[in-house]
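To start, the structure itself, in structure tokens.
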Amino acid sequence: MRKLIRLGCLSYFVIGLAHIVAGAVLEPLISMYEIDYKAGGQWIMNQFFGFLIGVLLAPWITGWLGRRGGMVLAMGCLTATEAVYSMLLPWHFILIFAPLAGFGFGLTEAVVGALVLDVFANKRATYIGWLETFFGLGALTMPVIAAWLIGQGIWQMSFPVLTALSGITLLLWLTLSFGRADEQIGYHFYRSREPAERAGAVPAGPSSSAGRMREKPRYRAADFVLLLLGMTFFLVYIGLEISFSNYLPSILKLEADFGESQASSVLGLYWCAMVIGRLLIGRMTRLSGYKRYLLLTTGGSLFLFALLVLPLSAGWLLAVIVAIGLLMAGVFAVALIYVNERLPGMTGRTTSLLVASGGLGGAVFPKITGWLLDGYDGASALRFFALLSGLVLVLLLLLLGLEGWHRTRGHHGA
């Protein structure tokens, strides 16, 4: 299984690069194509609509093709789109192909995430933390690469670099053997089991006729309230995280007079803090528990986003950005585990719905942020981030407060 985890981590590293490349090169790209922030936001929005489709179709795709087949499709789409970006085609072609890139990294996130949640059930927080750490490393590496390339006047090379890395990952998914795990993730066409089950749960052995005859697991009535609240939480939180990380260089340029290369370097610093925070997820959750961890990180993030609205010196600005990265590092992973543990037996479906909701937020909120930057200024975008951070905390409090009610209702409904 070690080889499988390593390839999963590499895949998350690649989609970390893919998530952030738009924000890392947005300023020079806007200058080259002579577009505004609204058009840049449309590019990001199109990618995340593709992300949403990839996540929602993940159970069906893996049900027909198997997990390996799903990953080959995902990495193939991402590689092809980054190759198109590398050609610097007219802007409307970039917008047309953008959903295909999002589809690739959305499908990757859903398939690998659900796989780890089920196969490595005893160390969920640790292994999800590993995946998120490598995602963060990718998101950290891309701004560093982009900053250097921008400084050299060849920022366009960001796309060929990503094309090569995603292509290598595609070849590994095509060719590597995972030993006994091959039966669980290998290619297959649709058989008798439900797509959602194969996307999330470890398949039963071929001789297990009782497993095939088993009734498909379903959500209970009480589960839908918890699920809907969890989906809303992910929609707002991921929308905030994607908007902040993609527009941070632009906001620094507008509000703090940072140069393009400097602003991209600060984005790298933010993701460095994210990586450090994600390395500590397992230890921190063991010490504090999931609920307290989420309360401390979301509450602290609200305080820090409120500070960003105030006029700050460059040093304090960098310190607050780093602190935000540290606090937000584990929110996604821990919240994903928390909701899944309260909806047992539905890991594949729940993970897809939660991540898809995040994808919708990642599509809509960057568009709003781009509109604010065009129509107003960077300070307006920062106030918007503070508002979203407050909403994240309110939704978390509702989600945590619902736990007792859900347990009681679920018991009576069983």
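Here the Cβ of each residue, glycine as well, is placed from N, Cα and C on the backbone.
Residues annotated as domain 'Major facilitator superfamily (MFS) profile' in TrEMBL: 4-407.
Summarising the annotation, TrEMBL assigns transmembrane segment to 47-65 (among others).
Per TrEMBL, the feature transmembrane segment maps to 72-88 (among others).
If you look up TrEMBL, you'll see 94-117 (among others) marked as transmembrane segment.
Marked as transmembrane segment by TrEMBL: 129-151 (among others). Nonlocal intrachain contacts for the transmembrane segment (129-151), taken as residues 6+ away from its ends with a CB within less than 8 angstroms of a stretch CB, comprise 5, 8-10, 12-21, 23-25, 28, 112-113, 116, 157-158, 161-162, 245, 249, 260-262, 264-265, 267-268, 271-272, 274-275, 277-279, 281-282, 329-330, 332-333.
What TrEMBL lists as transmembrane segment is 157-176 (among others).
Feature annotation from TrEMBL assigns transmembrane segment to 221-242 (among others).
Among the features that TrEMBL reports, transmembrane segment is placed at 262-281 (among others).
Taken from TrEMBL, the feature transmembrane segment covers 293-310 (among others). Beyond the ends of the transmembrane segment (293-310), by six or more residues, the same chain brings 284-285, 317, 320-321, 323-324, 327-331, 334-335, 338, 379, 382-383, 385-386, 389-390, 392-393, 396, 400 to within a C-beta distance below 8 angstroms of the stretch.
Annotation source TrEMBL lists transmembrane segment at 316-339 (among others).
As annotated by TrEMBL, transmembrane segment applies to 351-372 (among others). Proximity of distant same-chain residues to the transmembrane segment (351-372), defined by a Cβ-Cβ separation under 8 Å and at least 6 residues beyond the stretch ends, is recorded for 36-42, 44-49, 51-52, 54-56, 58-59, 102, 106, 109-110, 113-114, 117, 196, 199-200, 227, 230-232, 234-243, 246-247, 332, 336, 339-340, 380-381, 384, 388.
Summarising the annotation, TrEMBL assigns transmembrane segment to 384-402 (among others).
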Mean of the pLDDT scores, which run from 0 to 100, over the domain 'Major facilitator superfamily (MFS) profile' (4-407): 84
Cβ contacts the transmembrane segment (384-402)/the transmembrane segment (72-88), at least three under 8 Å, sequence gap 6 or more: no
Close approaches to the transmembrane segment (262-281) from elsewhere in its chain (Cβ under 8 angstroms; 6 or more beyond its ends): 20, 23-25, 27, 125-126, 128-129, 132-133, 135-137, 139-141, 143-144, 146-147, 150, 245, 248-250, 252-253, 318, 321-330, 333-334
